[in-house]
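Presented below is the structure to which this report refers.
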Amino acid sequence: MLLLVMINQISGNDDYFYLLTFSFNQPKFCSTPAWNPFGITFANETTIGNIPLVLFINTNNIIYTVNRQKKQILIWTNNSINPNKTISINFIESNSIFVTNNGDIYYDNGDGNGRVDKWISNTNIFVNVMNVNSSCYGLFIDINNTLYCSMCNHHVIVKKSLNDSEMISTTAAGSGISGSASNQLNYPKGIFVDINFDLYVADAANHRIQLFKSGELNGTTIVGKGSSNNIISLKGPSGVVLDADKYLFIVDRFNHRILRSGSTDIQCIIGCGGPGSQSHELGYPATLSFDSYGNIFITDAYTSNIQKFDLLLNSCDNSSSVQSVYSSMLTKNHPTYSPTGCDLPNYYYEAIQMNVNESRYYSLSSDSTIDTYGYMYTDNFYPSDSLKNVIVSTAANILVVTTYSPNVTGNFSIIMSGINNVTFERLINPDKCIIGGSCNVQTKGIGITIDDILRYEINRNVILKQQPLLVKMSVALTMIIFFMGLISSILSLLTFQNANLRKVGCGIYLLASSITSLLTISMFTINFWFILLTQMNSSINLSIRRIGCISIEPLLKLFLYFDTWLNACVAIERAIHVYQGVHFNKQKSKRLARWIIFILPFCITATIIHEPLHRNVFEYKVKGDGYETIKEIHRWCVIQYSRAVQDYNTAILFVHLIGPFIANLFSASFIIFGTARQRSLAQTNQNYITHIREQLREHKQLVISPAILLILSIPRLIISLLSGCVKVSDKPWLYLCAYFISFTPSILVFVVFVVPSELYRKTLKETLRNWQGRFRQ
């Protein structure tokens with residue numbers, strides 16, 4: 001495959017010629033022609049109607065198209081912006097036209113009417129010239145005045161001599177039965193007949209271009225599936241045109257691009273970066289036509305425009321062309337990414353820095369054993385955000401070589417031709433992370449959410465029973481966590497609602513923690529089911545998705561951080577209590593606890609208030625095999641951060657994660673080792689180790705709580721400290737386990753704080769007996 005890129009534009013000589021044989025243009029190009037990758041909208045939907053399919057440009061640069069909704073043929077002359085002439089015609093659906101040198105217009109009228117008609121320019125009269133069984137998706141008149149019709153729905157090309165008054169058609173290609181044999185076609189579209197009467201057919205459903213030599217009914221696949229030199233894949237080609245040197249220009253419709261064959265290869269010349277509605281993109285192009293200057297006009301069904309792509313005059317400046325070659329191999333050890341940014345990152349790639357001494361035009365060709373694909377970038381290439389810095393002008397310096405299909409490896413060579421020598425340098429990309437963006441394929445470990453983990457695991461529009469094992473296990477774990485958390489929170493509330501336990505700050509913290517634990521687990525469960533149900537059911541209202549996206553995750557973080565800090569406060573107060581001993585002020589502790597519980601939610605909210613402002617629902621449409629259909633729509637809750645907000649968010653996440661971790665670590669260490677050191681200095685009759693053992697026996701209930709919380713926070717802390725980007729889809733089980741473990745402290749309030757304490761257990765038993773007595777009454 002050949003890839004073309006302009007590295008800055010320069011002036012050049014007019015080095016192309018034209019062969020005027022037919023009523024249409026067949027330019028003769030130099031060996032390295034190129035077109036501006038950014039098109040100009042020549043006509044839009046307002047003028048030409050929805051989903052334009054028809055286009056013809058004659059040698060006088062008169063442009064013809066059909067507005068199928070208004071049943072009109074539109075004609076532009078003398079470089080006019082708007083149509084100069086409109087011809088109203090009677091058809092149900094017209095899919096092709098052909099204009100002869102005398103200005104007569106042949107148009108498809110096969111749908112429902114079963115014929116091809118001609119509008120005679122001199123008399124303004126309509127006449128029937130050919131009977132057909134269905135619509136003609138391609139019309140062509142050769143130099144022998146023979147009319148060809150591509151009957152797509154009947155899988156055959158028929159022809160009729162216009163010099164013969166008899167309305168009898170004969171078969172030019174195809175058997176009338178769909179198939180892929182050499183004498184068969186499968187929904188043929190565009191056709192072209194050269195001066196040797198060789199017939200070229202865009203055999204759409206066979207994804208190939210067929211050549212039928214004059215008088216032969218067995219064709220040869222020259223491009224696409226089944227060709228002897230299948231170096232490029234086609235998908236539903238709808239048009240084929242030859243230039244003066246018989247090089248092919250192919251409308252590769254469902255790959256949304258235009259291809260040009262050369263003497264030894266095939267190149268993508270327009271729409272090479274994938275589908276879209278931008279000026280450098282195509283969406284289901286249908287037909288192609290040249291003007292006399294070599295510019296290309298294309299009907300684009302997705303935008304319902306006719307786009308014009310200008311020939312770059314300086315592209316033929318090859319007076320002293322120099323070739324530079326870069327060879328390598330894509331292996332399974334290469335990094336992977338997603339070219340669209342919205343699919344699984346399963347495309348191997350290699351990034352190459354191109355260095356030139358002078359900004360000029362260069363052409364790049366790929367000679368490989370695999371179907372390669374190339375993307376150009378300026379300045380930097382970020383695998384985690386493949387749409388960032390993708391070429392948006394005619395200047396670029398980084399080439400990313402990947403494959404047309406995922407999970408493909410093999411050898412490739414890049415051949416670069418230009419006025420000067422080019423040096424290549426393989427880029428080993430730093431593992432930079434783009435947090436936020438369209439699809440969040442990669443994210444920092446510290447910011448992993450359940451949405452990131454399950455995004456590519458949940459099958460859309462499929463019942464839960466048919467979901468993957470990972471999803472089913474997530475459901476089971478979520479419900480186990482919910483019920484365990486519910487029981488733990490209720491038992492803890494029954495324990496710490498006792499007024500005697502709340503005479504010190506620790507009891508107030510634990511009562512608040514019982515409430516926040518219940519809120520955390522409830523919001524955790526709501527968040528999980530919201531993500532699961534919205535991903536499983538694509539019909540859920542977009543407003544509901546947006547409200548959930550903006551609110552649920554921030555609320556979950558608020559409750560989780562609040563609960564984590566309350567547990568840290570418990571650990572800190574216990575350490576202070578042990579340190580002060582009989583001098584510990586319970587009233588002061590109680591007042592401080594109330595103030596902290598009141599202020600802490602506002603402080604946490606202030607640190608994460610930015611999140612709802614950067615959250616929104618992103619829609620990623622997966623196209624089907626036709627422009628009328630969309631196979632599915634992925635709607636994801638995404639975060640879009642600027643670099644400054646990204647750095648701030650990372651810092652805040654570390655504060656909420658590391659802060660409680662350090663508090664628990666310090667408190668547990670101080671209760672044992674700090675107090676043991678103090679006593680060993682005061683009581684010299686026992687050594688330090690003996691004092692440590694005594695502290696463990698005396699304060700084991702105070703040590704167990706922070707120790708458990710410390711252990712449970714380690715997995716999330718390890719993942720959070722991983723450098724660079726995290727591809728969650730690579731190891732979903734690992735990240736799922738770490739994510740669930742991070743919520744276990746919220747379900748273990750009872751186990752961590754009540755069970756180890758004899759006082760708390762006794763208080764709970766008394767409370768349960770009191771409640772039991774109330775029920776009996």
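Cβ coordinates come from backbone N, Cα and C, glycine included.
Predicted automatically and left uncurated, TrEMBL annotations should be read as such.
These features come from TrEMBL:
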- 176-215: repeat 'NHL' (REPEAT)
- 475-496: transmembrane segment (TRANSMEM)
- 488-753: domain 'G-protein coupled receptors family 1 profile' (DOMAIN)
- 508-533: transmembrane segment (TRANSMEM)
- 592-610: transmembrane segment (TRANSMEM)
- 651-673: transmembrane segment (TRANSMEM)
- 702-721: transmembrane segment (TRANSMEM)
- 733-755: transmembrane segment (TRANSMEM)
Give residue numbers and ranges for long-range contacts of the transmembrane segment (592-610): same chain, 6 or more residues beyond its ends, CB-CB under 8 A.
504-506, 508-509, 512, 554, 557-558, 561-562, 565-566, 569, 573, 645, 648-649, 652, 655-656
Same chain, outside the transmembrane segment (508-533) by at least 6, Cβ under 8 Å from its Cβ: which residues?
450-451, 454, 458, 464, 471, 474-475, 478-479, 481-482, 485-486, 488-490, 492-493, 495-497, 501-502, 540, 548, 552-553, 555-556, 559-560, 562-563, 566-567, 569-570, 573, 590, 593-594, 596-597, 637, 743, 746-747, 749, 753
With helix taken as DSSP H, G or I, strand as E or B and everything else coil, how many residues of the repeat 'NHL' (176-215) land in each class?
3 helix, 18 strand, 19 coil
Mean of pLDDT values spanning the domain 'G-protein coupled receptors family 1 profile' (488-753):
78
